[in-house]
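To start, the structure under review is shown below, and the notes come after it.
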Amino acid sequence: MAEGLVLKGTMRAHTDMVTAIATPIDNADIIVSASRDKSIILWKLTKDDKAYGVAQRRLTGHSHFVEDVVLSSDGQFALSGSWDGELRLWDLAAGVSTRRFVGHTKDVLSVAFSLDNRQIVSASRDRTIKLWNTLGECKYTISEGGEGHRDWVSCVRFSPNTLQPTIVSASWDKTVKVWNLSNCKLRSTLAGHTGYVSTVAVSPDGSLCASGGKDGVVLLWDLAEGKKLYSLEANSVIHALCFSPNRYWLCAATEHGIKIWDLESKSIVEDLKVDLKAEAEKADNSGPAATKRKVIYCTSLNWSADGSTLFSGYTDGVIRVWGIGRY
C-alpha cells in the first residue's frame, strides 16, 4: 500500500493570492493565512466536505499585501510581514494588532519566530535582515554592505537546532546565507542557484536546508557543514518549500503543481494538480467569487503538526487541503 494525498476540501474567504499559511504546533483545529487582499484570516477547521474550514476572524491593519505570517508556539499570537514595510504582532483571541515593527524601508517579504518566541527575524526588499525583540525593538540589522545579501532578501527562517542557533536567509542575489544567531555573523554562503532564490526551508531536526526559486531546481544543503548535498528537478519556478514533520518528504509549490519528493529515494511521491472543473461541480458557490484566473498555481504551503494534512494556498485565493491516504 502506497501513501498518497487526496483533496479533502477547500477553504474560501480570501479574495486574492494566498501568500502564506501557518499551522499550530499542538495540532489544534485552527490555521492562519495571509493574502494579497491585505488581510490575515484565522480559520476554524470544521473538516466538512463543502468547506474544510470557516473564517473565524479577519485581521486587518496592513495597508498593502501581507506577504508572510507565522504563529507563536503557544498559538496565541500571529506575526505578519507586509509590503507596507511593517511587521505586526496580532493577539488572535482579541483579533487586534498589539504591536507594529517599524524600520524596514521597503516591502517586508518574510518573518519568523525563534524557537522560544523571544526573537523575531524579518527579511525585506531593502536588502536587509532585521532581528527584533517582541517589544518591537530592532536589535540588529544585517545590511547589504559586508556580509549581507546584494539584492532583495526573499525568505528568512530560524533553524530548530537549539545547540547551534541559526538563521537561514534566501535572496534574489542567487544565494542562501547561514548566520549565527548569537552574534549575527555569517557562517556560510550557499551558492549554486542560477536564478533568484524565493524560498528556503529547514528540516525538522535542523540538519538540512532546502532552497528553491526561479531556476526550478531544489538544492539540499547540510546546514552544519555549509555544503551542497544534492539537487531535485522541479522543472518549474518554485514558490514555496516545506518538509513533512514526520516523513522524509519535501514539498514544493511550483507553477506546474505541488511536487512531493521522498528524500531517501529522491523520487517524486506525488504531483498534485487542481481540477477546477471537478471543484466547481462539488462547490455550492456560496463563497466569495475569487478573481477569475485561467491558470492557477500554489504559492504557499504548510503541513499540520502531525503530518497528516497539507494546507496549500493558491493564486485564486483558495486554500486547498490535502490529506494522506492509502491506495
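Placed from the backbone N, Cα and C atoms, the Cβ positions cover glycine too.
So that you can see what the record holds, here are the features copied from Swiss-Prot:
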{"type": "REPEAT", "residues": "13-44", "note": "repeat 'WD 1'"}
{"type": "REPEAT", "residues": "61-91", "note": "repeat 'WD 2'"}
{"type": "REPEAT", "residues": "103-133", "note": "repeat 'WD 3'"}
{"type": "REPEAT", "residues": "148-180", "note": "repeat 'WD 4'"}
{"type": "REPEAT", "residues": "192-222", "note": "repeat 'WD 5'"}
{"type": "REPEAT", "residues": "233-262", "note": "repeat 'WD 6'"}
{"type": "REPEAT", "residues": "293-323", "note": "repeat 'WD 7'"}
For the repeat 'WD 3' (103-133), could you work out the same-chain residues 6 or more beyond its ends whose Cβ comes under 8 Å from its Cβ atoms? 64-65, 67-74, 77, 79-87, 139-144, 148-158, 160, 162, 165, 167, 169, 171, 179, 181, 184
Taking DSSP helix as H, G and I and strand as E and B, the repeat 'WD 6' (233-262) has 0 helix, 19 strand, 11 coil
